[in-house]
Amino acid sequence: MAQNRNDLLAVLAVVKKYNLKGTEELLKKEAGLIDIPENVAGEAEVNSVLAAYKSEGDPDIYEHSYMELRKFVEESLDIYKHELALILYPVLVHMYIELVYNSHEEQAKKLITKFGPEQEYYYQDELARLSMVTKRDQMSGNDITDTFKSNAFTIRISRDTLSLLKRHLHEKKASVILNIVNEHMYFDLYEGVARNKSQCDATSGAMTGEAKRQDNKIKVYYGLLKEPDVQTLQPAAPPEEDDDMDPDAPDKPKKKKPKKDPLYSKKPKSDPNAPPLDRIPLPKLKDVDKMEKVKALREASKRVNLGPDSLPSICMYTLLNANYTVTCADLCEDSSLIAVGFSDSSIRVWSMTPIKLREMKSAEQLKEIDRDAEDVLIRMLDDRKAETCRTLCGHSGPIYRTSFAPDRTMMLSCSEDCTIRLWSLHTWTCVVVYKGHQFPVWDVRFSPHGHYFVSCSHDKTARLWATDSHQPLRIFAGHLADVDVCIFHPNSNYVATGSSDRSVRLWDVCVGNHHRLLTGHKAPIYSLAFSMCGRYLASGSADKRVLIWDLAHGHLIAALTGHSATIHSMCFSRDGTILATGGLDCALKLWDFTKLVDDISGENVNVSHNPDVRDGEPYLLRTFPTKQSPFLTLHFTRRNLLLGVGMYELGV
């Protein structure tokens, strides 16, 4: 009776919420709810009633219904069998939740013990966690039951396959399964032939099924922004002497006109797929930034062109005496600095060049400096305090990621202590602490254009920040588990995130919504990398595979297999021809990305249907094993030298 009264009070709270006064009076009168205080039922109880599962009376009917469904799938024609098999897992999960909700613990346990091991290997972790929920009151606030109760399980299915399924359920009067199918599953219908086993496997694996086609319909501006014009910085040519007018030097040879620097003569091209320049506000380039661009262009002009016949030289930095203490490593864009994070909450920064890390002069000494001098920044730094290594302390938990600003004046770090810190690389001190995440922060990355950065956390969100604001500008919510990795698109208009819910999402920083939902991984995703052109995204996972996605349509185009452990680092060469991947298997693999793109561009992509996913074996160029050093990070220099960082592990 107490439960019935609670249910009635929860319904009364809903009626009050929507201000249905007449209905409220009738309900009180008929149910005998007199002298009821305000706020009769909490939000949790209201949700519990609204999301209540229907009891089908006899608990043994569930096992019989599941066996009937499984038999129907197994006996179906091969053309339909693989799509029909996709419904077995969500049906089993919701049957278990219904049985537990209606206090049939024994039958629920028997059901999941009998049929759980038959499910795909990538669902076993969720089933094990689900089997720990054996009482109705344990469901409240439980991550996995909340996920399944509040999210429909999505299955891409042909119209013919769905008709066959519905006809079977109606003929067998399988009301238990019909209720689950109608209330907790979403069928993304398409016309045409049903998918085969490999096509179904390619995109399945995420916690709540596959991505809807609607999720990937919005246009994505994947092109690169127009490069800033650096011609204004071209050194002025010396004034020419008019030799023809000099009567005393008739035989003097004429001076040649100085040649134009080809660096300045190239006009930046505009990409038709690029977003408008004013779509998001970007910081204006200072003269120092423009000079850095010129320096980068000069370096790029000396770049080695890579390919199957000219693989990159590789330099591996191995951290010794650091077993189980190093947590992350990062190199700055021009490869002059390396930062390493430690489990004792400290960060160390080393110079990769002969130039030592200088510190800013004291306030007294700074007063004497001429502020209008061209080299004012150099004068502000004290050569006497220069060191090859700097240690930064401030966090109170292990460091999970560091990220250098494009101009190398700042660095970000994130930690288990739920904070992000911004460090000055002039004073070597922490200048801002960003608080907002409620749980450990797994990753933080600067935007390629500076000013903005993105972070992601155990709290299932990613957040967009600006260095000059202590509050996040956007909160990207939608993942159903930890967001383990995040990265900016090269044009800074999008952020990609990878999660333990086994999906990748592409978020628009302008509006805060996800514009691509990519499913296909069978384990948590730990590394992401955008191609140089911005159209393709590579994702590396604990399922030991690298998946390549075409962001134009949201399609999976290739699965690169070969690693024997989790892939934690990936990097594209500066000319975009080679993808390097490094794993915990102490192996570095180089893949021919140009060949892959050429093979894909020759095909006509059928946007309404799943294209075939290419196998990675033909694209593997070479594998380089290390002795006993799993990879922490990979980085291509401006001249296409590949740098790897790892720590030496005993007994790997």
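Backbone N, Cα and C atoms are what each Cβ position is placed from, and that goes for glycine too.
Features as listed in TrEMBL:
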type	residues	note
COMPBIAS	239-248	compositional bias 'Acidic residues'
COMPBIAS	260-270	compositional bias 'Basic and acidic residues'
DOMAIN	56-185	domain 'TFIID subunit TAF5 NTD2'
REGION	229-285	region 'Disordered'
REPEAT	319-352	repeat 'WD'
REPEAT	392-433	repeat 'WD'
REPEAT	434-475	repeat 'WD'
REPEAT	476-509	repeat 'WD'
REPEAT	518-559	repeat 'WD'
REPEAT	560-592	repeat 'WD'
Item to check | Selected stretch (most C-beta pairs under 8 A with the repeat 'WD' (392-433)) from 319-352, 476-509, 560-592 | outcome: 319-352
Checklist outcome for this item: Spatial neighbours of the repeat 'WD' (319-352) not adjacent in sequence (6+ beyond its ends, CB under 8 Å) are 292, 295-296, 299, 388-404, 406, 408, 411, 413, 415, 417, 423, 425, 632-633, 635, 637-638, 641, 643, 645-650
Item to check | Tally of residues which DSSP labels helix, strand or coil - the repeat 'WD' (392-433) | outcome: 0 helix, 24 strand, 18 coil
